[in-house]
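Q: Reproduced below are the annotations present in Swiss-Prot:
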BINDING   THR240, GLN262, HIS265, HIS332, ASP365, GLU419, HIS424  substrate binding site
BINDING   GLN262, HIS265, ASP365, HIS424  Zn(2+) binding site
ACT_SITE  GLU331  active site, proton acceptor
ACT_SITE  HIS332  active site, proton acceptor
Amino acid sequence: MQTIDLRGVQPTRTAFERLVPRPVVDVQAAMTVAADLIADVRKRGAAALREQAERFDGGVPASVRVPVAEIVAAVDALPGGVREALEEAIARVREATAAQVPPAAVTRIGPGAVIEQRWQPVERAGLYVPGGKAVYPSSVVMNAVPAQVAGVASIALASPPQREFGGAVHPTILGAAGLLGIDEVYAMGGAGAIGALAWGVGELGLEPVQVITGPGNIYVAAAKRVVRGQTGIDSEAGTTEILVIADDTADPRYVAADLISQAEHDEAAASLLVTDSPAFVGRVAAELETLAASTRYAERVRAALGGQQSAVVLVDDLDAAAAFSNAYGPEHLELQTADAEAVLARIQNAGAIFVGPHAPVSLGDYLAGSNHVLPTGGQARFSPGLGAYSFLRPQQVIRYDREALRAVAGRIVALSGAEDLSAHGEAVTLRFEERA
């Protein structure tokens, strides 16, 4: 990993971003391809989805809409340990997510004047579960549970067909969907799948959804940008990121293992260690060398750790470490310091924060109860991770009686006149006119 020495330096956020550039992910460049694929699905429906499956996934599904019997069979075929782990993950995420649903609030502005704020779930959600270099049944859990907790009545799930399973959705994905009671699953992936969820495909019985969530590759991100406005989206997910703030009290083996755990996702994954201890850097480097050599995806891990997006950052103190992290806005932030709570108090921007030596990112990926669908690419500076709120809309309900309206009628007339919109004021005053 490259080393960046910021001791004695107070760079700006722009300088931070230049020092540790993120992977080059040009979503805009992929939008033309994504838009064309979506347009083809809107025009030709299931035929376009099958052609795209053969072209991009190497397998054509026997049925784009997965028969319910296959989902039931996939649940039955889940290995015992996997099923138990999924059931535990579902329970934990459900419990933690329940706290995200806000109660309705009623405000009495004055006599006879009431404003209620209520939270309404979208009617229908589309969940995208990626394929590619790994299989992600955990993403089924992380997308579906918040939608269910929010009260979404109808859920459709899309996942790419898998060549090794004859064009079918991976059976572990189907099993996870079945455990969650989802019986509307489609063997489709990429930009075409996002378009199908957004506009529907009548011949498949696929009705349009109001929100699409879930991570994917650059074309999925581009497709989300294309369909925004037709439907809501959660975010444009990029490659995974981990930033570890550690001092010399941390266990270098733990830190190295956590950096590697995210590097194994993709050659473009970002792994950063920010520390005030040069001696600790050497200990972590030795552990990285040992652990990376023994991992299943050693070549991928080495490529990620050696990429421009990964680095060891030396800083003067932990205040400077927190400042760097806030400027970077990591997807995953680990705090492994003698007083992690003190560092936490200085953190503003992160998708999720893992405090202490026994809260690795891997815990959050599967069984912490938190959600692992998190903002990447610096979006943690302004966007949250996935939650029940991703499927909820606040609505204001206004109730005024006659006297409450009369009390503000004059001011409404004054303001509407100032805006040269006299009919606004007249819509109020006519309510108090005598009618013959």
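Any Cβ shown, glycine's included, is placed from N, Cα and C.
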Q: Distance between HIS265 (substrate binding site) and GLU331 (active site, proton acceptor) at the Cα atoms, whole Å?
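A: Between the Cα atoms of HIS265 (substrate binding site) and GLU331 (active site, proton acceptor), the distance comes to 14 Å.
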Q: Counting other Cβ atoms within 10 Å of each Cβ, which of the recorded positions GLU331, ASP365, GLU419 scores lowest?
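A: Per-residue Cβ counts within 10 Å for the recorded positions GLU331, ASP365, GLU419 bottom out at GLU419.
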Q: Largest pairwise Cα distance, Å, within the listed substrate binders THR240, GLN262, HIS265, HIS332, ASP365, GLU419, HIS424?
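A: The two farthest binding residues have Cα atoms 57 Å apart.
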Q: Over all shown protein chains, what is the count of other CB atoms within 10 A of the CB belonging to GLN262 (substrate binding site)?
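A: Step by step: centre on the Cβ of GLN262 (substrate binding site), count other Cβ atoms within 10 Å, giving 26.
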Q: Between GLU331 (active site, proton acceptor) and GLN262 (substrate binding site), what is the CA-CA distance rounded to a whole number of Å?
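A: Checking the Cα atoms of GLU331 (active site, proton acceptor) and GLN262 (substrate binding site) gives a distance of 11 Å.
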Q: Are there any residues at least 6 positions away along the chain from HIS424 (substrate binding site) with a Cβ closer than 8 Å to its Cβ? List them or say none.
A: ILE412, SER416
Q: If you count Cβ atoms within 10 Å of the Cβ of HIS332 (substrate binding site), leaving out that atom itself, what do you get?
A: 28
Q: Provide the number of Cβ atoms within 10 Å of the Cβ of THR240 (substrate binding site), excluding the reference atom itself.
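A: Result for THR240 (substrate binding site): 25 other Cβ atoms within 10 Å.
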Q: Counting across all protein chains present, how many other Cβ atoms fall within 10 Å of the Cβ of HIS265 (substrate binding site)?
A: 20
Q: On the three-state reduction of DSSP, what should I expect for HIS332 (substrate binding site)?
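A: In three-state terms, HIS332 (substrate binding site) counts as strand.
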